[in-house]
Amino acid sequence: MISTYEPASKKIRHYSANACLLPICSLYGAAVTTVEGVGSTKTRIHPVQERLAKCHGSQCGFCTPGMVMSIYTLLRNHPEPTAEQMIAALAGKYCHFLLCSGDPHGLVLGLPFFFLMELMMRENSWPLLVFFPLKVSTRLFSTDEFQPLDPTQELIFPPELMRMAESQQKRALFFHGEQMTWISPVNLDELLDLKAAYPKAPLVVGNTSVGPEMKFRGVVHPIVIAPARILDLNVVKFTDDGLTLGAVCSLSLVTDVLTNAISELPEEKTKVFCAVLKQLRTLGSEQIRNVASLGGNIISRKSTSDLNPILAASGCMLNLASRGKRYPVPIPLNGIFVDGVGNNAITPEEILVSVHIPHSRKGEYVSAFRQAPRRENALPITNAGMRVLFEEGTDIIKDLSIFYGGAVSTTVCAKQTCWTLIGRHWNEQMLDEACRLLLGEIALPGSDSGEKVDYKKTLMVSFFYRFFLEVFNSLPFQDPCCYHGIPMEYRSGLQDFKTKMPQSIQLYQAKPSQSPQDPVGRPIMHQSGIKHATGEAVYIDDLPSVDGELSLAVVTSSRAHAKIVSIDTSEALNRPGVFDIITAHDVPATNEFYYSDDPEIIFARNKVICVGQIVCAVVADSDVHAKQAAAKVKIEYEVLEPVILTIEEAIKHNSFFEPKRKLEQGNVDQAFETVDSIIEGELCIGGQEHFYMETQSVLAVPKGEDKEMDLYVSTQHPAIIQEMVAASLGVPANRIMCHVKRVGGAFGGKLLKAGLLASVAAVAANKTGRAVRLILSRGDDMLITGGRHPFIGKYKVGFMNDGRIRAVDAKYYINGGCTPDESVLVAEVSLLKMDNAYKIPNLRCCAYACKTNLPSNTAFRGFGFPQSALVTETWITGVADKTGLSPEKIREINMYKEIEQTHFKQKLDPQNLIRCWNECMEKSAYYSRKTTIEEFNKQNYWKKKGIAVVPMKYPFGLGTRYLTQYWRTVGVFKMFLKQNNVLFFLKQVASRELNIPMSYIHFCETSTTTIPNACASAGSAGTDVNGMAVKDACQTLLKRLQPIISKNPKGTWNDWIKEAFEQSVSLSATGYFRGYNEKMDWEKGEGQPFTYFLYGAACSEVEINCLTGDHKNLRTDIVMDIGCSINPAVDIGQIEGAFVQGIGLYTMEELKYSPEGVLYTKGPDQYKIPAVCDIPEQFNVSLLSSSPNPYAIYASKGLGEAGFFLGCSVFFALRDAVTSVRSERGLTKTFVLNSPLTAEQLRASCADAFTEMVIGRWGKGQSISG
């Protein structure tokens, strides 16, 4: 939180900001409060931190401090915030872990609930946790424990900064760095002199443009000028004809000023203000708007600016100045865009002083539009600003302005279209002509970044149609003889989707007879929750520097398949601070790991096989120096053929990893001859980035003797790190100690790839004899590491007219990337789990792992099941379309119904599957809501709702016993567990087994020195296998203590262990779990690869905007069978979060590559994961009651991955809405929707006259207005 003091008004302003955007020089005179300053475990926990932790709002905790600071700043400014202010503070916040393993409602609703109790009770938006039987209810947390918020106890603004601001005469500030000088002038004349002297020097206020250029593109500016302290540039002045705002006014200040003006001025004068304010509310996040300036947004002329089109269309004026020259007449803002990119209306020496936003006039209408990959905190795909002025008392166009952004490299004006339409009547004929003129005038070149031009063109005309409707609906003089008005069913196109306060109900089963001290089955807070919220939780990059420590930056391949001709490191070695360059020649032993026929590679040696492959690494005295030097390494390549990037290309070149897999049951060919109908199809599913918050991180510390080395790694698999590093260094594994305190998110992405990166750091540490730290940037992490496998499913399905599916022949192709990693195993799992919840009597399925020139894809939550099961549900809906039956009816007909065998001959009892399905149908009121939705769709042409319910059978297991064996060491002083922090609720297991309070138990780090040869924390198996090992260790310990306890049954735990020590009884024990008896014989196509099954069902309702393809998740009801929950708060958070992460895969997360294999979507700007706005407005989760699991610890089930697939209920609800659109428009042809089902795909599927203009997909020749 940044706090500043304004001497003139004597007011203190608090605002939150992203640290990465704030140059330290810009904070002169400001007070900075970090999460550590808000509260800590050493002093006092702040009520905000307490609530987030106790409301289960964190899991990995890496992003939690940012959430705390956003809410803390909100409460400093508004002690009693409204629901809208709460949503705004968190809008755009996203985290795969927060939304995938923590409870999103703990964040969105739990934090401020004490301060907003009456509001939230009134809005029924409380996150409830209700027990079975339903007579008893409780919440996820006890409000009695919470401290009240007392604003008088907050940190004060430092008095010395107040005195400095009031007494000091302002002077220009100069800060000199290694490569640049920062100058902060105090008046306009100083600024103009500086700009004349340094015309190329950028002006920096919010650093939202220059900062990313310097960080991501390596741009260096020797001189940077910061004009934020100049009063002339901070002006806010109301005039008779509008509002003048200084160029450095923050967008948040502009928002507040416009909001107040709208509330005070007549509506007729505020139409421009309203349109600008609409764009501001979704521009970036609140943290960005707090620092980004109005003038910077204009001067950058970026096509992605949401403000420039509406400011230009509205006739805003710019007040400029340069040295020795003041401009008495402002220039029109639209002048800098009207002629396109090459326009030089503003010279480098000129300064934008202020912007004048005019009042709207009588007969004038102004609107702004945007469509982005995500509604909040996302750059637009296309945006627009439009204004029309009519001749008084008529519908004749007197003046018209149309500007678009996102179309080309800057904001563009449809000048010719506007001139042509002046003098026309505002009617359908004008609309039709306008759309065709716009498409002809605005030329959209083909994009290299994967953006499809057709969608942008469709949005352009759809936006104008929306403007037409808005204006037509507002014309005050409509003659019933001439104007029939807008039909009611078309008025839905006038409304945008808004983010609302989510509501939720959460149900689970309690045990009333349970001992009060027994924590199992209770919603216990994460053991590190408080430390997450205070910022005291330590991650790899938080570890203190080691003496002589070096930073490492990797140099990666820029070619997908090429021979390395030469590597020139001379310039890099001459850079400041550079210590050495590390290549494959520096690896003492193993550089290639052969876990299969194709190796996993540390450093490329003679050739590269993907863009992003590590060729060498630079070690330097700082991270900045290492990265600067890495950019200077020159690699010469000789391109090799073929370059294989896609699954289709791999099939063409027969490029696969072995073995290929196949499963078959029944007589498929014969069954196809007897069925009534056959459908064939293909479904494409894109990949998915793990997007863990803590990127791949390693600290390698040589011990100095016996070739020992300590490795501190963010990983799910310490043992594989130890093994790979030892092999690369050529030392025994017992010389390598791998330590894992906590992991800032993983989802399967920190297994084998973490081992390769740890080896890079270890080789560098070995060569230099110094500690080496490697922290990948987000861009490098996404470039180097793979994610979920892109997937193509081809299917042929035979069925009867009554909906019974008799035969399926399916082929699955996954894009494995350039090395095997886990691809074959993912292909196997996709086969084993492809049936989902359905009994198919005759089935043949094959899976192929494609070898391509992309970074190798790897394990990811669900492990192939989310892809193959989506294909299954797709042909289920295809059968429904063909038979005329509803999808839910087809699902019920073909669902497993009695004890029988799967297609790999494992016994299955589907009782809980049927129960989950029936409860979900009942709790969601599916049929009554479906009727309501059908009625809504009849009454709305441009908005449609859809609903879908999907069952799930998720087999638990890893297929091999050795993968589920675990050791756990339990030692007593109070109680000490060597345990991976991710599985914190094992404290509950130890507490129950030893019958001691959880406060006696402490977690230490996981280390290969204490837990040798442990298997990975993956596959939802952590609780099952670790819990069994902890239970075994505790029982061993308790058995030793039993004679002592028997002699002194009324003694305390401390009494007993003291006596045991005096009697020389060992107070430490190692527990061991040998793993489940899982096996699969692929030759026979049968086995018992899974220990048990989880079941679930989800019903989701959505609403789509047919004009833009945007959609809103209205409601989701989930029923899950997870056995007997050990910690309902954690389990429900896992279900909710996994579901939202599934929404990401199926509806929005899109990886884009160039034709040369370069990843375009290398960061949060381009790659969008779900945010708060994507959580369903009503989100209900029920845990199936009375469903104990005899195979796992305390009758529980491992559920971390299972809920992910249920996110596809949103995919099929969207499909249902699209089906309604196409049915209404007479489009009966079969259509295919691939994943992710983005707004672009939805818009193209909602064919109408606008798509007809662009891509010729309209079928019935209806008019544009319907």
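Here the Cβ of each residue, glycine as well, is placed from N, Cα and C on the backbone.
Unlike curated entries, TrEMBL annotations are predicted automatically.
According to TrEMBL, the features are:
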BINDING   CYS20  [2Fe-2S] cluster 1 binding site
BINDING   CYS60, CYS63, CYS95, CYS100  [2Fe-2S] cluster 2 binding site
DOMAIN    175-362  domain 'FAD-binding PCMH-type'
BINDING   203-210, 293-297, ASP306, LEU352, ARG370  FAD binding site
BINDING   GLN716, PHE747, ARG861, GLY1019  Mo-molybdopterin binding site
BINDING   PHE863  substrate binding site
ACT_SITE  GLU1201  active site, proton acceptor
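Within 10 Å of the Cα of the residue listed as 'substrate binding site', the following recorded positions from the list CYS63, SER293, GLU1201 place their own Cα: GLU1201. Within 10 Å of its Cβ, the residue among the binding-site residues ASN207, SER209 with the fewest other Cβ atoms is SER209. Comparing CA positions across the binding-site residues CYS63, ASN207, SER209, GLY295, PHE747, the one lying closest to GLU1201 (active site, proton acceptor) turns out to be PHE747. For ASN207 (FAD binding site) paired with PHE747 (Mo-molybdopterin binding site), the C-alpha to C-alpha distance reads 33 Å.
A sphere of 10 angstroms centred on the C-beta of VAL205 (FAD binding site) encloses 23 other C-beta atoms. Nearest in space to LEU203 (FAD binding site), taking C-alpha to C-alpha distance over the binding-site residues CYS20, CYS60, CYS63, GLN716, PHE747, is CYS20. In this view, the densest Cβ surroundings among the binding-site residues SER293, ASN297, GLN716 belong to SER293, judged by other Cβ atoms lying within 10 Å.
The closest partner of GLY295 (FAD binding site) among the binding-site residues, by CA position, is CYS20; the full candidate set was CYS20, CYS60, PHE747. A simple Cβ count within 10 Å picks out one of the binding-site residues CYS60, LEU203, LEU352 as the most packed, and that one is CYS60.
Nearest neighbour of GLN716 (Mo-molybdopterin binding site) by Cα distance, taken over the binding-site residues CYS20, VAL205, SER209, ASN297: CYS20. Minimal Cβ crowding within 10 Å, among the binding-site residues CYS20, CYS63, is found at CYS20. Taking the binding-site residues PHE747, PHE863 in turn and counting surrounding C-beta atoms within 10 angstroms, the largest count is reached at PHE747. Fewest Cβ neighbours within 10 Å among the binding-site residues GLY295, ARG861: this applies to GLY295.
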